[in-house]
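TrEMBL lists these features:
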DOMAIN    5-102  domain 'Ketopantoate reductase N-terminal'
DOMAIN    181-324  domain 'Opine dehydrogenase'
Amino acid sequence: MSCKVGIAGAGSIAFGSAALLHQNGHDPMLWSPSGASTRVLADAPLTATGAIEAEFSPRVATSAQQLAEENDAILIALPAYGHKAVFDALAPHIRDGQHIIVSSHASLGALYLMQLLEARGVQAPITAWGTTAVTGRRGEGATVKVNTVRKKVDLCTVPEPRSDCALAVCTRLFGDVFVPREGLLAISLSNLNPQNHLGIALGNITRMERGETWSQGQNVTPKVGALLEALDAERLAIAESLSLQTKTIFEHFSLSFHVPEASVSEMNQQMHAQGNGGTGPATADSRYVTEDVPYGLQLTAVLGRLTGHRAELHEAGISIFSAMYGRDFAAENELLNALELDGFSLDDLRQAARTGLLRKTPEPAS
Ligand SMILES: NC(=O)C1=CN([C@@H]2O[C@H](COP(=O)(O)OP(=O)(O)OC[C@H]3O[C@@H](n4cnc5c(N)ncnc54)[C@H](OP(=O)(O)O)[C@@H]3O)[C@@H](O)[C@H]2O)C=CC1
Ligand SMILES: CC(C)(CO)C(=O)C(=O)O
């Protein structure tokens, strides 16, 4: 059965996900919050090349309201620095039972969206993906180059009892690639982009700043690869202290980019050789920093402090990039700021990661 899927966003992942949905027999609709990114679709079909070859004309929404009202499910597919604004715009129009999928989920955004829905008395399952179903880059006009369709994508749903139903929906829409994980903390810790992009951007910041065209995979040299592996050890230590299962960086590269497991640098060299190593950012104003530092590294740093497994390299990364960019990246996270996590304990957070609702555990009666 064909489903109508509304995609919030009209960038690389939104276009690539629309192509995957189209290929799977579904009917995507794209919404560009400013309207700018869908204008080209008035004159040309969306053309996908690479891992997906398709040419089709997706429906286009002119507002959040239209996107929510005219679709069975909603996929949030834009950088995390746009999530709060997009959740605020969509929440008044989401209806009971409508499936919301966040790809990639960041900074406990599902808790923020759930709060908005609860305030309206609406119950809608929110599914958080640890990453995206496809990777790629938008090109000129209405084109997208899909670099890879992932073999595995971690997911969880809040509230937890809706998990089986949400898994069935995701599988029907995007394919049999999903690995259920235990709650939002596991999903947060299964997004490897922030730590990987920290090492990649730090090792290549002059290339980015000078606007060079450079191969990302090839420039994960042995020393950059070693940094990525050390960052991964910090993330895994936090996950282990919370008894959460999450994939290693070795599994991540192997499963996402179809290379045999080896050192991180060796796998990236192999990706470069087979043509799916990607191109690094050609600007310092890249989401590798402006999204991943405040919305990714910052959450890992918070979880490290809460669990007593301080993520020293992640914290150093936030400080180094804040100094380079003259910004306080730790303070920029609109989602964590809105959740006011300081008032909650680790146990409160663990509960919320499964229920979707952040509540203070009542003090035991004395
Ligand atoms: N591309 C990839 O291969 C991968 C991407 N990801 C993740 O997927 C997500 C989407 O990435 P990608 O599609 O590449 O990103 P893009 O930069 O291509 O996304 C552009 C879209 O985001 C919207 N947007 C940007 N800023 C805001 C804002 N402040 N408020 C509202 N909307 C905004 C734009 O809106 P407008 O249309 O109005 O301009 C546009 O529709 C990110 O979280 C990224 O980290 C993860 C792994 C791989
Ligand atoms: C290029 C890739 C797939 C790996 O860093 C990516 O994750 C991104 O573009 O965000």
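Backbone N, Cα and C atoms are what each Cβ position is placed from, and that goes for glycine too.
Describe the structural context of each listed feature in the structure shown, including burial, neighbouring residues and relevant distances.
The helix, strand and coil residue counts that DSSP assigns across the domain 'Ketopantoate reductase N-terminal' (5-102) are 39 helix, 29 strand, 30 coil.
Helix first, then strand, then coil: DSSP counts for the domain 'Opine dehydrogenase' (181-324) stand at 95 helix, 2 strand, 47 coil.
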Express the predicted model's confidence over the domain 'Ketopantoate reductase N-terminal' (5-102) as a mean pLDDT, rounded to an integer.
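It averages 98.
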